[in-house]
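These come from Swiss-Prot:
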- E204: active site, proton donor (ACT_SITE)
- K335: active site, proton acceptor (ACT_SITE)
- Q162, K335, R364, S365, K386: (2R)-2-phosphoglycerate binding site (BINDING)
- D241, E283, D310: Mg(2+) binding site (BINDING)
Amino acid sequence: MPIIEQVGAREILDSRGNPTVEVEVGLLDGTVARAAVPSGASTGEHEAVELRDGGSRYLGKGVEKAVEAVLDEIAPAVIGLGADEQRLVDQALLDLDGTPDKSRLGANAILGVSLAVAKAAAQSAELPLFRYLGGPNAHILPVPMMNIINGGAHADTGVDVQEFMIAPIGAPSFKEALRWGAEVYHSLKSVLKKQGLSTGLGDEGGFAPDLPGTKAALDLIGTAIEGAGLKIGSDVALALDVAATEFYTDGTGYAFEKETRTAEQMAQFYEQLIGAYPLVSIEDPLSEDDWDGWVALTSAIGDRVQLVGDDLFVTNPERLEDGIERGAGNALLVKVNQIGTLTETLDAVSLAHHAGYKTMMSHRSGETEDTTIADLAVAVGSGQIKTGAPARSERVAKYNQLLRIEEELGDAARYAGDLAFPRFGVESK
């Protein structure tokens, strides 16, 4: 059995220049593995708590308290446990913290240990992480949902929608999908330059031009797809992350595109969009606690487009189960740091799949070079991954890892392609 012998932690920087936690786990057999924890910009109210130091150091965003929690409390609790007993290790972490939202030790401390333990166990077993976690049937490469125009909390512009994504669903392989995405990305840069628009980048590597609204951004992307010699819809579909909680005020409504709108008016807007553009997915179209609005929206357009719960579900099995029972959404966004342990993440994915919900593996806007989510996407067969534009090394690291996995799988590899969205026939519009 691969016994945990050492647990270390340090403060490192993420892609936004803010501190985050990195954990190293050493086993008795000499194996050493490392995991770094991401951090979000638009965070759901119901996410597990990220422990920050406060004070003047790093403008209050230091994580020395979380590092100390790993070294002083977590390490003694897990040393001596088997790294291949992931559920047992994660339960020990939950019991030690003792709070429902991981606010005592911090989800950033707990997750770092949870992921590093899994990576150490995989290395000790001489298995790639995707194979260790997913078993012999893990072979599906996800569609890269590339965020090529950044708005909302990810950019300092007037665009309310947070992410405009392309989904190369018609590609024959992940390798080709990545090429298509990169070519559309470069085509978009040329389109923006020709129109005198900014080619500055947002947090996730996408361009951040100041545009009049959602339709203008989608039109630009459509032009870029055609400029890359691809067909909009059948080759490359479109997707949005609206992050509607960011512009929702309780009692007032949605302050969207210079108007105050109700949930019903937002639903009408989305219905118009999916009629005009080949949209396969809309994430967080309504606020995280607007359950009635979500249920009505799902009833209205859920048979025509994927409706992804991010802030709504926060990768939490309990909130997801509530949503499934209500009929809210039809897909789960998976962010490991929203819930804080690998076991709970896997439980949420399993619950979603058993209920017929799709899953999309996701990065955070504050990322590191850690590639765990790439392996995790293949391990659970999510069929979709979003990890930013094909730019900035913390984003590209995940795409490059998926290239390696596809190569390692060889003839057994299958690219999810348009089957990632089996209920939604997408044609050029």
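The backbone N, Cα and C atoms fix where each Cβ goes, and this holds for glycine too.
What you see is a predicted model, and the numbers here were worked out from it, not measured in a lab.
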Candidate recorded positions E204, D241, E283, D310, K335, pick with smallest Cα gap to Q162 ((2R)-2-phosphoglycerate binding site): D241
Under 8 Å by Cβ from E283 (Mg(2+) binding site), counting only residues of that chain that are 6 or more apart: E163, A239, L240, D241, V242, A243, L307, V308, G309, D310, L333, M360
Cα-nearest neighbour of the residue listed as 'active site, proton acceptor' within the listed recorded positions, E204, R364, S365, K386: R364
Least surrounded among the binding-site residues, given as Q162, S365, when other CB atoms within 10 Å are counted: S365
D241 (Mg(2+) binding site): tally of other CB atoms within 10 A of its CB: 29
Candidate binding-site residues R364, S365, K386, pick with smallest Cα gap to the residue listed as 'active site, proton donor': S365
Spatial neighbours, same chain, of K386 ((2R)-2-phosphoglycerate binding site) - Cβ under 8 Å, 6+ residues apart: P144, M145, M146, N147, E163, M165, D241, M360, M361, S362, H363
Output field, Mg(2+) shell: CB within 8 Å of site CB centroid, site D241, E283, D310 dropped: Q162, E163, L240, V242, A243, I282, D284, V308, D311, L333, S362
K335 (active site, proton acceptor), number of other Cβ atoms within 10 Å: 24
D241 (Mg(2+) binding site): secondary structure state under DSSP, collapsed to three categories: strand
